[in-house]
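Structure, as structure tokens:
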2 protein chains.
Amino acid sequence: MDILNSVLNFIDYNFYFSLFATIPEHTDADTSLVLASILLSLVIIYFASKLGGEICARIDLPPVLGELVGGVIIGTSILGLLVFPEGMNTANNSLIMKFLQFTADVTPGNIQSIFDSQGEIISILSELGVIILLFEIGLESNLKELISVGPQSVMVAVAGVVTPFMLGTLGLTYLFHIDIIPSIFAGAALTATSIGITAKVLAELGNLSSPEGQIIIGAAVLDDILGIIVLAVVASLMKTGQVEVLNIVYLSLTAAVFLIGAIFIGRLLHPVYVKLVNKMKTRGQLLLISLCFAFVLSYIAQIIHLETILGSFAAGLVLAETEKRKELQDLIAPISDIFVPIFFVCVGAKTDLSVLNPTDPSNREGLVLAGFLILVAVIGKVISGFTIIGQSELNKLAIGVGMIPRGEVGLVFVGVGSASGVLSKPIEASIIVMVIFTTFLAPLLLRSILKEPFFTPQKQKIT
Amino acid sequence: MDILNSVLNFIDYNFYFSLFATIPEHTDADTSLVLASILLSLVIIYFASKLGGEICARIDLPPVLGELVGGVIIGTSILGLLVFPEGMNTANNSLIMKFLQFTADVTPGNIQSIFDSQGEIISILSELGVIILLFEIGLESNLKELISVGPQSVMVAVAGVVTPFMLGTLGLTYLFHIDIIPSIFAGAALTATSIGITAKVLAELGNLSSPEGQIIIGAAVLDDILGIIVLAVVASLMKTGQVEVLNIVYLSLTAAVFLIGAIFIGRLLHPVYVKLVNKMKTRGQLLLISLCFAFVLSYIAQIIHLETILGSFAAGLVLAETEKRKELQDLIAPISDIFVPIFFVCVGAKTDLSVLNPTDPSNREGLVLAGFLILVAVIGKVISGFTIIGQSELNKLAIGVGMIPRGEVGLVFVGVGSASGVLSKPIEASIIVMVIFTTFLAPLLLRSILKEPFFTPQKQKIT
């Protein structure tokens, strides 16, 4: 090849320069190093999520708790492997960037821009993760079931949203003198209920089809819808900063109209959707059409100042009613497996739990705040069980306790709150501790309550 | 809530400011608008890929061709929907950005940074797409089958790599006076063979198990391995810029050692992998462990100056030998369905085909170049069929023609070349036209050759 080079030197190829010659517009060093940092980040995220999830699965705790704690451990609070360019963080705080510098040729000037790009890209992947999570939750919901939910479930769901929200928001503003917008947001985060965790415990103890089980499941499904509307409204409040009754009414109406409108228009489009999918011949047609539908609704929700996840949730609800539901669920599962852990781990990694370190006296207020949120989170939901009038044969305590775990739904609130930048670190950390604590506590409490036979005459078996 | 606000105004909460108050570190406007632009881009990418793919599937052409052409149409050459911040492009050139500005509140100052972020993120998703594509190709390959490939296949594969590479590289440097590195790269791009397209035509005509069919499949599988080693070496040459015999030998050895080393170490780890997957209890364990393995190998390939895709291909080859192969293929298919079209469409969208517009006289040289590449692409592979000595009963023309389509493998070359920034626009456009033309031509030629009965005594049926 040396010969070729020499030959070329003889030829006057200036004439061709403008047309064919090497014009390096940009080197690929940056793009390929950013890609390398993303690959490294994903490996670490998946490792943390699986390690945490597996440990939790083995001690009978919800795996989502393990994924979150895995994120906290690799994140800014403890190991500093996965940190994001927010606040004071620079590339120097990130062990991933140090490893990249150690293994690849990165100039010190480049590392900061790689760090910024990595943070932005992982954040977007995490946002896509929560969009897909809500799409999957929507797809698993059943609108017909929801409409036939009994009045008791409606009572429990509404009380379980209103009580913790009011107690939380008023407590934070009056007792803790926190700004109104963060207070409302923290109150809203208290309204979430994770159906999966309670359903698993109920199934495990053979109580899923008991009256209590049915009320809890109905209430939790309704709670998903109420919760996501509350979240959309509150997140929108955070953007505009205007806490006025009219604004709140307007936003609530927008969210409700969007959700109901999407469902009705979606129903009209069912035949078109099924026909289109059946007529297409290329690979992945069902998945891509469904995802496009979810992304379009997410985009619309975003530009009318609601949240993207309200759009993907609505898309899931709509497609759950078509004959393609089962097939789509199977296809979306692997997508969810690779995207959702990014979200859970990032929520953990972004939260600075060191602001709640009890050995530092200046953290006392933050710890009191976390304690208050946990108290309200438990009391607010337990009360909801006792809103059922009469029916003394029902185990109302079990119903209330079944509504306690915030799980992945609580984390969606934390994720949105964190992205808004409106929450202070202690509030964010307190909310996440509340989510961890309720998710951890509920299965233990529920098991101990349901195992006492005199409380649950409908129980089918005791394990 | 107005009352609450007024109450708050009475309270001196300066004391709490540092701890609890609203500290907006950054607004979420940017992140959420970047997310919106990504959702929009993905919808457009999926739409273009499916529309193109479906049209091609209906006129009996490979769908991948449609995805590529769909990308060209929405890209910088024609519609300008999806353009990337490379060269002269600004947010003003992107219809997606204009749509975003029209539908969401974006300040003119923000739009350029959103455009840059969108370009970077879609490019990274496209790179993840090609990593997953090569992982899937590796997973579909069969090392045992490859080792048992007949000497005729080896002859055809080697001749089909060497002939177009030499003809292309020498022709470009001597006839067109193009720089040595772009010439070598274009020559390398000529070596690719897409097994899928030929296999489909052979299967359709009932010729897959004929001796010709078996030779073509064997040669194409071997060609995948040779091609990816060539690509890794050439891409590395482009990074270092040193075209010296010693450097080429060193890089080729590194690539071969990496691939063989990964396969051998991978084989030792088989039992650990299977045991780990079987012992894990949480969702998505097989998928995440396998992807982590692919990502780690990709990272290693990247930092030793080869290409990430060599790593994911090696990972696919290794995992194809385990008992989990079938299960993993089913799980990776939906992932591939959502990631790979991003890659194909981006390759099309990034290529500026207007540099080959025949109505502009200054494009004459570029058109001649494209014509030359097509000629070499066809002749180089047809010759390979005639390297089989004796065996006059074989249809050697059919074997050579079967090796012509570049398909997705050719696009991988274009993608890598484009990311390097070393190729001039006319060369890049010529390579992509060569890929389109060969992919389009081969099925037509192969069908017409195989349908003439006197050429193919082994044929089982004629459709």
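Using N, Cα and C of the backbone, Cβ positions are placed for all residues, glycine too.
Quantities reported herein were computed from a predicted structural model and do not represent experimental measurements.
When the ranges B:99-119, B:183-203 are checked against TrEMBL, the one recorded as transmembrane segment is B:183-203.
Two recorded stretches are said to be in contact when at least 3 C-beta pairs lie under 8 angstroms, sequence spacing 6 or more; the transmembrane segment (B:64-84) and the transmembrane segment (B:154-176) fall short of this definition. Only pairs six or more apart in sequence are counted, and the transmembrane segment (B:331-350) with the transmembrane segment (B:33-52) gives three or more Cβ pairs under 8 Å, enough to call it a contact. For the transmembrane segment (B:154-176), the neighbouring stretch richest in Cβ pairs under 8 Å, chosen from B:183-203, B:286-319, B:370-390, B:429-450, is B:370-390. Within the same chain, residues 134, 137, 141-142, 145-146, 149-150, 152-154, 156-158, 160-161, 165, 181, 184-185, 188, 191-195, 198-199, 202, 208, 247-248, 251-252, 255-256, 259, 301, 305-307, 309-310, 313, 384, 388, 394, 399, 402-403, 409, 412-413, 416-417, 420, 422 sit at least 6 positions outside the transmembrane segment (B:215-238) and bring their C-beta atoms closer than 8 Å to a C-beta of that stretch. When each of the listed stretches B:33-52, B:245-266, B:370-390, B:429-450 is scored by C-beta pairs under 8 angstroms to the transmembrane segment (B:286-319), B:245-266 comes out highest. Nonlocal intrachain contacts for the transmembrane segment (B:429-450), taken as residues 6+ away from its ends with a CB within less than 8 angstroms of a stretch CB, comprise 60-62, 64-65, 68-69, 72, 186, 189-190, 194, 197-198, 200-202, 205, 207, 347-348, 351-353, 355-356, 366, 369-370, 373-374, 377-378, 395, 397-398, 401-402, 404-407, 410-411, 413-414, 417, 423, 456, 459. Most Cβ pairs under 8 Å with the transmembrane segment (B:183-203) belong to B:370-390, among the candidate stretches B:33-52, B:245-266, B:370-390.
Tertiary proximity for the transmembrane segment (B:370-390) is limited to same-chain residues at least six positions away from its ends with a CB under 8 Å from its CB atoms, namely 152, 155-157, 159-160, 163-165, 167-168, 171-172, 175-176, 186, 190, 193, 215, 219, 356, 396-404, 406, 429-431, 433-434, 437-438, 441. Listed as Cβ neighbours of the transmembrane segment (B:33-52) (distance under 8 Å, sequence separation of 6 or more from its ends, same chain) are residues 63, 65-71, 73-74, 81-82, 96-97, 99-100, 104, 106, 110, 114-115, 117-118, 121-122, 341-342, 344-346.
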